[in-house]
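Engineer: Below: one structure in structure tokens.
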Amino acid sequence: MTKRTKKVGITGKFGVRYGSSLRRQTKKLEVQQHAKYDCSFCGKRTVQRGATGIWNCKSCKKTVAGGAYTVSTAAAATVRSTIRRLRELAEA
């Protein structure tokens, strides 16, 4: 086997096309997209992206809606904390 790419990673398929900064942005997204994530139900690192915004756990077969490239987004975390705060205010 020959030595593979070190810097460009998954964006090596683009060659010299599209510019380095665009390839760098694409690399960041594609690495997040193809990574495995922890399942919030069973706790195993088996959640993979099925389609845009759909994440499937291979272990417990749960399907979760999330972000396009990651399971949870910053906006989703903000919404969760806001809902939690409003719920606490309503109970008090």
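From the backbone N, Cα and C atoms, a Cβ is placed for every residue, glycine too.
Under the heading Zn(2+) binding site, Swiss-Prot lists CYS39, CYS42, CYS57, CYS60, citing experimental evidence as support.
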Engineer: For the recorded Zn(2+) site, whose residues are CYS39, CYS42, CYS57, CYS60, find every other residue on that chain with a C-beta no more than 8 angstroms from the centre of their C-beta atoms, and list them by sequence position.
Structural biologist: SER40, PHE41, GLY43, LYS44, THR46, VAL47, LYS58, SER59, LYS61, LYS62
Engineer: Rank the binding-site residues CYS39, CYS57, CYS60 by how many other Cβ atoms lie within 10 Å of each Cβ and give me the one with the fewest.
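Structural biologist: Looking at the binding-site residues CYS39, CYS57, CYS60, the Cβ with the fewest others within 10 Å is that of CYS60.
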Engineer: Is it possible to get the count of other C-beta atoms within 10 angstroms of the C-beta of CYS42 (Zn(2+) binding site)?
Structural biologist: 14
